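Straight from TrEMBL, the features:
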DOMAIN    6-212  domain 'YjeF N-terminal'
BINDING   62-66, 128-134, ASP157, ALA254, GLY307, HIS359, ASP423  (6S)-NADPHX binding site
BINDING   ASN63, ASP124, SER160  K(+) binding site
DOMAIN    219-479  domain 'YjeF C-terminal'
BINDING   LYS393, GLY394, HIS395, CYS396, THR397, GLY422  AMP binding site
Amino acid sequence: MQGIWTTERIREAEDGLLAVTPDGELMRRAAFGLATQVAALLAERTAAVSGRRVVLLVGSGNNGGDALWAGAFLRRRGVSVTAVLLSPDKAHPAGLAALRRAGGRSVSTADGPQWIAKADVVVDGIVGISARGSLRPAAAQLVEQAEQVEAPVVAVDLPSGVDPDTGAVDGPHVTATRTVTFGALKPVHALAPQECGEVALVDIGLRPSLGEPDLYRLELADIAGAWPVPGPEDDKYSQGVVGIAAGSAAYPGAAVLASGSAVRATAGMVRYAGHAADVVRARWPEIVATGSVTDAGRVQAWVVGPGIGTGTEGRDVLSHILGQGVPVCADADATTIIARSSEVLDARDPGTPLVLTPHAGEYERLMGHGPGADRPAAARAAAKKYDAVVLLKGHCTVVAAPDGRASVNTPRGSWLATAGSGDVLTGLVGSLLAAGLDPWLAASAAAQVHSLAGALAAEDVPTSASALVDAIPAALRLIRATSH
Ligand SMILES: NC(=O)C1=CN([C@@H]2O[C@H](COP(=O)(O)OP(=O)(O)OC[C@H]3O[C@@H](n4cnc5c(N)ncnc54)[C@H](OP(=O)(O)O)[C@@H]3O)[C@@H](O)[C@H]2O)[C@@H](O)CC1
Ligand SMILES: Nc1ncnc2c1ncn2[C@@H]1O[C@H](COP(=O)(O)OP(=O)(O)O)[C@@H](O)[C@H]1O
Ligand SMILES: [K+]
């Protein structure tokens, strides 16, 4: 798993390391890594490094210092380097001196545009982990110009104007081609993928000082390691039987999608209970389908909610399922039922895992307010309140456990924004719960496979929930192949 640390934790670790490292050493390590990445981008985009033109946008702090030192390193490789100083009096003195010694020039913001117009790469050293709010006007104008001339932008540590701890954007900001960060990933890198572009991590020796991460991102190897596949001793029951209570006679689609997703996810058995039994059976002959949850047979986990309605019948189905003493993934209408009358959770056996999968609207129903800008904090608060794993849907899906663990799923595009895609996700979560995975890991892995299936189904054009179901095996195949 990749670890992600908040800026407060990064700062603490940096302070400890700075105290035992020669003056300026950490910044030079960071800047050398940055210069290497800028040179690589120049080579990729222009087929050369020497003779190319780089413009540094330099703010008042150490982020600007990184840019200036990197400029000095790039000069040694024959790059023409111009630093636009946003606060000339506060520009990092040692960095500025190093750049000048190496033959780089510094100019005022008024002269910035003429250099940006000819830049092969622009380096955003405006602000780093001490950033608050969006870009101030002088910086915003220069960034806008860089966008207009379509110069690739390399962000130093993080794209300026984007909140380092939440990835939130509420005004002018940098959209980078590549972000070069130092020491460790920060929340912005997982939560604002569009603004960060490709993220490169430069090791500056910080990791041993960091301790446990604040957030995690699953790597493909984690998913491959956790995903159940049949072994020599397995049979259809041993891999976990998942029950699906979804859909209705009028709206069988949710039932077909959630059940199909569970069929594709693992080799375990799938039972269906509800008014769409005939349609489900016709589409998925391997499913044992029945009309009611009361005669569904034994399962190791339940999925309940998509399309069951929010009336008395839906509520009865949910109560019955919560009383079965097996893990439950409560989705869609089940979330709304819980939000309206949380007493329904009294039927839940204490200690039985529950996964809730709200989108922003359902979250608001559950919590009385929307998720806000800090999505990991929002998911953690709901996880605590409901003593459940909460998978907060959105462009970046966040999964939080009641014990505080949280993972972020960085999306592969926005292809999942299509009707019924949530039903597919819930089927994936359910089959992993039935296989006995830790519920936080189950939800985190399901979110990643879901978005990978989305990207494979889409192949760069809009896709559908049915195509997502069909792409699950390809997603799993890719994950297993990549991890061998
Ligand atoms: N410490 C280390 O060991 C290492 C640190 N490293 C590097 O240092 C970076 C952190 O540097 P830092 O703490 O000096 O602050 P930084 O982010 O440059 O901000 C400076 C000032 O900008 C201003 N400002 C704030 N918001 C703004 C906005 N929206 N728009 C415009 N300006 C804004 C505000 O000052 P103000 O103008 O308000 O006086 C703020 O104080 C880190 O990200 C990494 O790159 C690496 O070298 C590795 C080793
Ligand atoms: N813009 C987006 N980018 C990435 N993923 C998205 C986006 N919009 C929605 N999703 C994902 O698509 C799924 C939609 O689920 P949901 O809102 O329950 O829809 P439905 O009820 O139609 O199935 C969630 O997994 C969500 O995270
Ligand atoms: K920056």
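Note that Cβ sites are derived from N, Cα and C of the backbone, with glycine treated the same way.
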Inset, instruction - Rank the binding-site residues ASN62, ASN63, SER160, THR397 by the number of other Cβ atoms within 10 Å of each Cβ, and give the residue at the low end. - result: ASN62
Legend entry - HIS359 ((6S)-NADPHX binding site) and HIS395 (AMP binding site), Cα-Cα, nearest whole angstrom: 10
Legend entry - Long-range Cβ environment of CYS396 (AMP binding site), under 8 Å and at least 6 residues apart: GLY167, ALA190, LEU191, PRO193, ARG375, VAL408, ASN409, THR410, PRO411
Legend entry - Set of same-chain residues at least 6 away whose C-beta sits under 8 angstroms from GLY65 ((6S)-NADPHX binding site): MET27, ALA31, HIS92, ALA94, GLY95, GLY125
Inset, instruction - Rank the binding-site residues ASP124, ASP157 by the number of other Cβ atoms within 10 Å of each Cβ, and give the residue at the low end. - result: ASP157
Legend entry - Between THR397 (AMP binding site) and ASN62 ((6S)-NADPHX binding site), the C-alpha gap once rounded to whole angstrom: 32
Legend entry - Within 10 angstroms of ASP157 ((6S)-NADPHX binding site), Cα basis - binding-site residues out of ASN63, LYS393, GLY394, GLY422: ASN63
Inset, instruction - According to DSSP, folded down to helix, strand and coil, what is ASP124 (K(+) binding site)? - result: strand
Inset, instruction - Among the binding-site residues ARG132, HIS359, LYS393, HIS395, point out the residue whose Cβ has the most other Cβ atoms within 10 Å, with all shown protein chains included in the count. - result: LYS393
Inset, instruction - Under 6 Å from ligand 2 by C-beta, which of these binding-site residues make it: LYS393, HIS395, CYS396? Sequence order, please. - result: LYS393, HIS395
